[in-house]
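According to TrEMBL:
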- 4-135: domain 'L-asparaginase N-terminal' (DOMAIN)
- 13: active site, O-isoaspartyl threonine intermediate (ACT_SITE)
- 55, 86, 87: substrate binding site (BINDING)
- 86: active site (ACT_SITE)
- 142-218: domain 'Asparaginase/glutaminase C-terminal' (DOMAIN)
C-alpha cells in the first residue's frame, strides 16, 4: 500500500509562470503534477492549493494558515510537503518548527530557483527529494552516527568532523556528543575552511599511513590554516 503524501502549494518560483510583468506564482496543482508524474509513482499524492503568493509577501498570518492546514490533516497522511518560495523559506521553516512541534509526521519545505516549467529547473529533483523525505525515505529516529563513524574508522579510513558555520570553528570536546565522536577516533577540523581541510588531509595521507602520525600531522598548524587556540592544536616546528 502506497504511503499518502499531501503536497501543500503556497506559490513561489517553483509554481510560477511568465506574466507581462515578470514571473507570477500562478500554476495550479495540475500544472505542477503534470511535470512530476515520475516523482509521484511510489506514493499516493494529494494536493492542497492553500495560497499562491510570492514568498517575499509571506506574513505571520500565512504561517498560521499553513500550520492550521497541517494540523487539520495530520492524521490522514504519512507526511507533507510544502512548496514555498526561496526568499523567505528559512523564516517559514523556522516559524513552523515552533508551531508544529507536536506534529508526529515529517513536514518538509521545498522550492526551486526556476519554475517547474523550465526544462533545466531544479524543481522536479527538489520535489522528488522532499516527497521521499516526507514519505520516510530518511530514518529520523534510532540512528547512531557515532557508532557508524567508529565502524568506518575501524576499517582504516580517516574521518574529520567540522562545522558548517562560516566563523569561529568548533570544539567537539565541549559537549558529551562531541566527546563520544572523538572517542570513536574522529579528527577535528576546528576552524579550518573546507578547502584547507580537504587538501590538508590529502597532503597528510600522502605522507604517511600511520594512524598516530596522521592524527599528529593533521592536528598541527602547518601553514596558518588553524588559527583558534583549541586544545590539541600544535604549532608547526
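Along the chain as shown, the residues are counted starting at 1.
Every residue, even glycine, has its Cβ placed from backbone N, Cα and C.
Since this is a predicted model, take the numbers as computed values, not measurements.
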Chain-mates of 55, 86, 87 with C-beta within 8 Å of site centroid, substrate = 12, 13, 54, 56, 58, 84, 85, 88, 89, 111
Cα distance, residue 13 (active site, O-isoaspartyl threonine intermediate) to residue 86 (substrate binding site), nearest Å?
-> 8
Between residue 13 (active site, O-isoaspartyl threonine intermediate) and residue 55 (substrate binding site), the C-alpha gap once rounded to whole angstrom = 9
Quick one: DSSP breakdown of the domain 'Asparaginase/glutaminase C-terminal' (142-218) into helix, strand and coil?
-> 40 helix, 4 strand, 33 coil
Confidence summary for the domain 'L-asparaginase N-terminal' (4-135), mean pLDDT rounded | 85
Three states by DSSP: which one describes residue 87 (substrate binding site)?
-> coil
Among the recorded positions listed here, 13, 55, 86, whose Cβ has the fewest other Cβ atoms inside 10 Å?
-> 86
In sequence order, which same-chain residues at least six apart have a C-beta under 8 angstroms from residue 87 (substrate binding site)?
-> 54, 55, 56
Would you mind pulling the DSSP three-state label for the residue listed as 'active site, O-isoaspartyl threonine intermediate'?
-> helix
Composition by DSSP (helix, strand, coil) of residues within the domain 'L-asparaginase N-terminal' (4-135) | 55 helix, 34 strand, 43 coil
